[in-house]
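Colleague: Starting off with a structure, shown below.
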Amino acid sequence: MSSITLFGAGSWGTAMSVHLASAGRDVVLWARRPEVADEIRRTSHNPTYLPELLIPSSVYITTDLEKAAEASDLWGMAVPSQQLRGRAEHLRPYAHSGVRLVALSKGIENETLLTMSQVLDDVFESVPSDQIGALYGPSHAEEVAEGRPTAVVAAAPDEGEARHIQKVFMTERLRVYMNTDVLGVEIGGSAKNVLAIAAGIADGVSYGDNAKAALITRGLAEIRRLGQALGADPQTFAGLAGIGDLVVTCMSPHSRNRYLGEQISTGKSLDEVLNDMAMVAEGVRTTRSVYNLAKHHGVEMPITEAVHAILFDDKSPRKMVKRLMTRSAKHENWLPTTLQQ
């Protein structure tokens, strides 16, 4: 039987704890807020995230960081992306060379423009880099918690480590593939949240199916351009963490980022929308990161630039769509000269 400690009792950490416990794994779920931990112990339900979900009594709930860290050598990091470094720094004293780390949250750190596994590698000096991976793919927490068939990808620099992550998380309800292109998996799985905001805006102004299809297709093209500029394998973006994650987050009513874009399209300010949302929409901060990453590497990402302008420069969604539609004509498979080799 495998054991794992999940740090973060949000929707994804909670859903994953139920999934793994139902498959017979030993699961420790660390919660930041004592009142949340107390409520889960008392009622077997998370009062804030997925409140209808029954959490098995076999899931051990704790707010003690040291106890959670020492319970397993496999740590799943399910805290929001911009809080990951702070939580990791608190965990650093308990890490050692035998620990394996799996990034479960999706995003790119604003200040450093590092992916989640890169942040973990930066903080945990005692953990070998090849023991730090990620689990990404089209996987809404609600559906994983309900046991609906889902496929994701376990990524680690070393194939043996990727296989270990695969073995722990894979069940008859969650199919896990492997990939050693960690960077490509994380760029695809993070940047798609920016496109989900754009998809929500398109839904909100009733642009229709044609526009949504164009958005997903051209959005994937610019994510791939960014990934290639950073050294990722272009094939990764045709996989679960690329087109798979992009489709589900742009189409699903479960998508927080798509919902946020839909609300923005009604004329609400970003602050108004965020204040009304109980859960984190990673795409807002990821938009800043992807925009800055693209600028730093000279990668053209027109849809990302449009979303950035709408969110942070108060530009009109309709005007930004017009700007996108009237850009200079290009070849569909256009790539910068440096990426055509």
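Heads up, the Cβ atoms here are built off N, Cα and C, so glycines get one too.
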Colleague: Which candidate from ALA141, ALA145 does TrEMBL annotate alongside GLY8, ALA9, GLY10, SER11, TRP12, GLY13, ARG256 at the NAD(+) binding site?
Modeller: ALA141
Colleague: Check TrEMBL: it lists SER11, TRP12, ARG32, ARG33, TYR49, ALA141, ARG256, VAL280, GLU282 as binding NADPH. Then name which of LYS106, LYS319, LYS322 it lists for that same site.
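Modeller: As annotated by TrEMBL, SER11, TRP12, ARG32, ARG33, TYR49, ALA141, ARG256, VAL280, GLU282 share the NADPH site with LYS106, chosen from LYS106, LYS319, LYS322.
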Colleague: How far is it from TYR49 (NADPH binding site) to GLY13 (NAD(+) binding site), counting Cα to Cα, in Å?
Modeller: 10
Colleague: Near GLY10 (NAD(+) binding site), meaning Cα within 10 Å, which of LYS106, GLY137, SER255, ASN257 (binding-site residues)?
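Modeller: Correct set: empty; none qualify.
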Colleague: Under a criterion of Cβ-Cβ distance under 8 Å and sequence separation of at least 6, what residues of the same chain contact VAL280 (NADPH binding site)?
Modeller: GLY10, PRO80, ARG256
Colleague: Quick one: of the recorded positions GLY8, SER11, ARG32, ALA141, LYS192, which has its CA closest to the CA of LYS106 (sn-glycerol 3-phosphate binding site)?
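Modeller: Nearest listed residue in space: LYS192.
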Colleague: Closest of the binding-site residues to ARG32 (NADPH binding site), Cα to Cα, picking from GLY8, TRP12, GLY137, SER255?
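Modeller: Closest recorded candidate to ARG32 (NADPH binding site) by Cα: GLY8.
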Colleague: For SER255 (sn-glycerol 3-phosphate binding site) and ALA141 (NAD(+) binding site), what Cα-Cα distance in Å is obtained after rounding to a whole number?
Modeller: 10
